[in-house]
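Colleague: When I checked Swiss-Prot for this same protein, it listed these features:
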- Val2: N-acetylvaline (MOD_RES)
- 3-144: domain 'Globin' (DOMAIN)
- Tyr26: nitrated tyrosine (MOD_RES)
- Tyr31: nitrated tyrosine (MOD_RES)
- Ser46: phosphoserine (MOD_RES)
- Ser46, Lys65, His93, Lys96: heme b binding site (BINDING)
- His62: O2 binding site (BINDING)
- Tyr134: nitrated tyrosine (MOD_RES)
Amino acid sequence: MVAFTEKQDALVSSSFEAFKANIPQYSVVFYTSILEKAPAAKDLFSFLANGVDPTNPKLTGHAEKLFALVRDSAGQLKASGTVVADAALGSVHAQKAVTDPQFVVVKEALLKTIKAAVGDKWSDELSRAWEVAYDELAAAIKKA
């Protein structure tokens, strides 16, 4: 069980709204960061076959869904101290054989993207809130 405060939840929620304000731009930041660190990740996402295209609705849709899952995980942590992931989500990640280092690359890209979205509102406290929510979601996906 993880202690996640009201303030941490509010930090994640407000910065998620900053991300949503320009999903095409921040989707490019996110997926470009992933591919810079792990070019082979391109094979895990069918919508990256032709590179990072901000006009591709699958690219922006997947980014929004992932960031929303982390935001929802923050809410679950605040409410119950645990995150429960959908079994289908776990199954997809297992089928694609997503590794722990790949989860780390995604976390780093997520943090870089949120930092870009919030600008000078970025702080260690904000970073930590996203890290905890993401780490707990990743753990739940691996168990699902």
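Heads up, residue numbers simply count up from 1 along the chain you see.
A Cβ is built for glycine as well, from the same backbone N, Cα and C atoms used for every other residue.
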Colleague: Among Tyr26, Tyr31, all listed as modified residues, which has the most CB atoms within 10 Å of its CB?
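Modeller: Its Cβ has the most other Cβ atoms within 10 Å: Tyr31.
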Colleague: Provide the three-state DSSP residue tally for the domain 'Globin' (3-144): helix first, then strand, then coil.
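Modeller: Counting residues by DSSP class gives 114 helix, 0 strand, 28 coil.
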Colleague: Determine the Cβ neighbour count for Ser46 (phosphoserine): the number of other Cβ atoms within 10 Å of its Cβ.
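Modeller: Excluding its own Cβ, Ser46 (phosphoserine) sees 9 Cβ atoms within 10 Å.
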Colleague: Using the Cβ centroid of Ser46, Lys65, His93, Lys96 as the reference point for the heme b site, which residues of the same chain not in that list have Cβ within 8 Å?
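Modeller: Neighbours found: Leu44, Phe45, His62, Val92, Val98.
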Colleague: Reported as an integer number of Å, what is the Cα distance between the residue listed as 'O2 binding site' and Lys96 (heme b binding site)?
Modeller: 16
Colleague: Which residue among the recorded positions Val2, His93, Lys96, Tyr134 has the fewest other Cβ atoms within 10 Å of its Cβ, if you could check?
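Modeller: Relative to the other recorded positions in Val2, His93, Lys96, Tyr134, Lys96 has the fewest Cβ atoms within 10 Å.
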Colleague: Rank the binding-site residues His62, Lys65 by the number of other Cβ atoms within 10 Å of each Cβ and report the first-ranked residue.
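Modeller: That would be His62, with the highest Cβ count within 10 Å.
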Colleague: Which whole-number value in Å describes the distance between the Cα atoms of His93 (heme b binding site) and Ser46 (phosphoserine)?
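Modeller: Between the Cα atoms of His93 (heme b binding site) and Ser46 (phosphoserine), the distance comes to 14 Å.
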